[in-house]
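Annotated features, as they stand in TrEMBL:
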type	residues	note
TRANSMEM	B:18-39	transmembrane segment
DOMAIN	B:20-485	domain 'Cytochrome oxidase subunit I profile'
TRANSMEM	B:59-82	transmembrane segment
TRANSMEM	B:94-118	transmembrane segment
TRANSMEM	B:180-204	transmembrane segment
TRANSMEM	B:224-247	transmembrane segment
TRANSMEM	B:259-279	transmembrane segment
TRANSMEM	B:299-320	transmembrane segment
TRANSMEM	B:341-361	transmembrane segment
TRANSMEM	B:381-401	transmembrane segment
TRANSMEM	B:413-433	transmembrane segment
TRANSMEM	B:469-492	transmembrane segment
TRANSMEM	B:523-544	transmembrane segment
């Protein structure tokens, strides 16, 4: 993993304000998203983050060990 | 045997534990009333009468922002003073006396509020947390508040007593940072509570008892806000204390700068009180010039807030780099996100940044007109006291409760999920509250929708805003359930010797680098008093002059305009004397600073 499980949890939590505010920000440039569309975009971003997080760093397993944050959850 | 707080200070640990458990009880009650009002107001689920909504609102406000916050902070302050001075309290019976006063006060005010739900009891206090006239509560409510506040005053005296005793034994030593923070906060509190004490004892309580027939509502509002804004800092400064002295430790590093922390607290002492009129921008009885002065003072408060943001983030980054973190942003990955204490406090600080931005909108006189008394304000203070303070307090409880009980935390994973859930819930709830406020949706009403009128949202619909508020409220309630499961699980656990040591973060730049004048509490108190006199004497005299002490043309007590002029004369001379003494103090201390 490229990030600890706890770190991943916090990143996903931080996504909540980003997604919630994204809808308002896009409305300024006349892109109006429905709740469903926002949820789908959110789901895609979460999936991308999860794929990134679970990929081994530089193709090896050492990346996971390099993270000094406790990875147990 | 561990080196936890309970091992060194067993008697004080009982006091801190009692204060924390009292605060958690209030948090539980406040949380129940919070979700009831959220679901009722958004029309998602209603099972109370709309007339009872205001009793629910009062209970939520008082239990959360008076009882929960203040009981918790007196526990933190007792820990901070005893730990940093490395001595127990002077007299444990004296310490228990203020715990008792605060508890009796809470019970009295709580009974008065909750009795409002029972028609057969002729007692009610549905006056909201702000409790100024023309809303009137049962005398029991005001008496309860008086006892509670007096309890905090006695608590402050207890901590000053400890400091004075320590100072006798250490005449040349600098005040340890946590104690310095407690003392400056309490001086601010003593000044601030003069307003609410006057409001209750001179006006609201005699009015409620029927001793006087009328009051001047604008005067009671102004006296409330004299206290109402600094009370925000009374909640926040303990959170700042924890961010400055504990968060760097949890991050694995040291406090970036002790002197900057002291400067921040001195500025909060000086600037917290002379700003309350910014809550009254739309009150017609106060001249615009006075409001402009209040706005200017408020903007100065940004300075200690930015100092705090810089120092705390710098300390966290230092911790991350001590843990092997590198790069401009990659060091964030090295922080101990697995630790619920650190994660909760960091997330609380993150949302507090958003609260700062919405607070600037509240503080600006012209933009405030757009959001005044709207749901925007509710969104704002759920980010400040509801997140920066409450989430910090809950997160740090996971460190404190083992320290004062001697028992290990029941479940760290549940604790981590709890703090993250609070962050997400509050994000949903406050975002929609801010947006609802921008379209003019009012606060303090059970029925925000008016017949024949539709709010026009910028994005989405009113239904979506309401659903988002309710979703946030439900997530927050779930978070509270997890919190109490963990606290109860810990309380019923068995004693452990495997506890972290008691202590607080060392500083990279320590107290020796701070000018000694920063520890001159008399000087800062004198300047704080002068600033309050400058900000409030003329507005108060003007309010009394126009509306009378007890309403127009009413002289319930032997008071008249002549006595007001005499009072103005006395205030003016007191102000001059305070300025002179401040000048003398500055004159005496400046050479020391220059040396």
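We count from 1, first residue shown onward.
From the backbone N, Cα and C atoms, a Cβ is placed for every residue, glycine too.
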Residues sitting near the transmembrane segment (B:469-492): Cβ under 8 Å, six or more positions beyond its termini, same chain? 24, 27-28, 31, 34-35, 38-39, 41-42, 44, 394, 397-398, 401-402, 405, 407-411, 414-415, 417-419, 421-422, 424-430, 432-433, 436
May I ask which of the stretches B:59-82, B:259-279, B:523-544 has the most CB pairs under 8 A with the transmembrane segment (B:224-247)? B:259-279
Taking the transmembrane segment (B:180-204) as the first stretch and the transmembrane segment (B:299-320) as the second, find out whether 3 or more Cβ pairs fall under 8 Å, excluding pairs closer than 6 in sequence. no
The average per-residue pLDDT within the domain 'Cytochrome oxidase subunit I profile' (B:20-485) comes out at 96
